[in-house]
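Have a look at the structure below, then the notes.
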Amino acid sequence: MEFGRRKKHTISPQAELYGHALQFYGQPPLENISLSEFETFAVERLKLLKTVENLGVSYVKLSEDYKRKLENESKNLNFPYRPEATGPSESEKRRKDHISHFILRLAYCQTEDLRRWFIQQEVDLFRYRFSELQPEQKLEFLQGNNLKYVTINAKEKKALQEKLVNSSPAVSGVTVERQDFYKVPFQDALDLVRTRKVYLKAGYVYIPHQDIVTIVLNDFRTRLSKALALTARSLPAVQSDERLQPLLNHLSHAYVGQDYSIQKNVGKISLEQIDSLSGKSFPLCMRQLHQALRENHHLRHGGRMQYGLFLKGIGLSLEQALQFWRSEFIRGKVDADKFDKAYAYGVRHMFGKEGKRADYTPYSCMKVILSNPPSQGDHHGCPFRHSDPELLKQKLQFYKVSPSGISQILELVKGMHYQLACQKYFELTHNIEDANFSLSHPNQYFVESQKVLGGGRDIKREMETPQRSQDNSAARGSTVAREAAPNTSQDLAEMTEDLDSFFQDA
């Protein structure tokens, strides 16, 4: 007779890690995942963070509309959205949330701007999730993360009751007696001090239990900031892995929407229309490139790449593109023979007719903003990101944008919401209240402009793929359109590097 050994009932590491709906991401994932899962998780979390960013600008944070739209997006992307949910499917969502957070840490620890953006979106996402917890879940979370704040005793509370009521808007004499107050160093609650929502005395603030989220957020922000700094130090070791380096570099300025490479309207735009279209339907980045080309009869390689691919995306054929660039360049210092030898090959290569015959895609807003910043004599880049505010103001005045509109745009630029600034420019120049789409691509700007000017705002975009994760209005101003996933990062990087070499000035 054989007896089986009695099994001990132990909690698995995964069950312990994902037992709560919220975490500080203090413990990195230790399991193995495929490269495909690595990229999928990262791209979908990036979509979620972009939605967080856009909703934070378009709606009051934690308002009903804000929470509803963020819940819908979390649900669509299969991230946790119901704190009370349990079971295998919920555990898998929490696993995805955990792993994807650490992947984006690797991608967004590389520069100060990237770190600042990542921290802000993660903090806002954490705030939303914490607000959705039930009181007992919040207490469980605080205890599980050793967040033990000192509560004042009944005697001290009674002595300070009048001051606590006067300094805390949501507190009355009755609620003071019923809830705990925490005595915390003021530097840990600067947001509450700044908005004068707490009583401050001798370097300490007295925080009602309902506002403890501010302290938790500050703790989360501090931990994440330190963690990103440590991750940045370890980055060289990660980048030495040739499988991960292209993925991480791509993720830090990834665009996961339509690439506008499939042209269904080739030849529908004539060369004679370009001047008129540039003033009506080109985003500011392309409008300034077109103006510079007309004035100087030349663009350096960064400008030719950005503008050339945009024109390809709006419908210029290869023959039209060659005619367009040749006719403009020969008006300057380049004769027809030099153009054919030094520049024509690059135009044909851009259309996939030379070299590896790849179909190159127009640049997204993220690529324009984050890669290859313009230097002296260049005209490419994003005017909202790369122009001096005073020069940008002058340019907007020249284009007849109203003073109040200019102020709104400059305020968005100051907050580093460059795509939202461009979307505001769209609304002002098209005389509409709400663009009702998520601007993430210069060619998208052109298509939406043509719809407005043609009176066909309800007509489905001709070049648009049918896949969408949700209505664009759910994330107004988003830098990410919810459509098909991009090609692999490595292919994109290789294609761009290859194209760069063919656009160098002779």
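Glycine is no exception: its Cβ is also placed from the backbone N, Cα and C atoms.
TrEMBL: automatically predicted annotations, no manual curation.
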Region 'Disordered' range according to TrEMBL, out of 57-101, 372-416, 462-506:
462-506
Indicate the candidate from Cys285, Cys382, Cys422 with the smallest number of other Cβ atoms within 10 Å of its Cβ, considering only these binding-site residues.
Cys382
Non-site residues, in chain order, whose CB comes within 8 A of the mean position of the CB atoms of Cys285, Cys365, Cys382, Cys422 at [4Fe-4S] cluster:
Pro283, Leu284, Val368, Ile369, Pro383, Phe384, Arg385, Tyr418, Gln419, Pro442
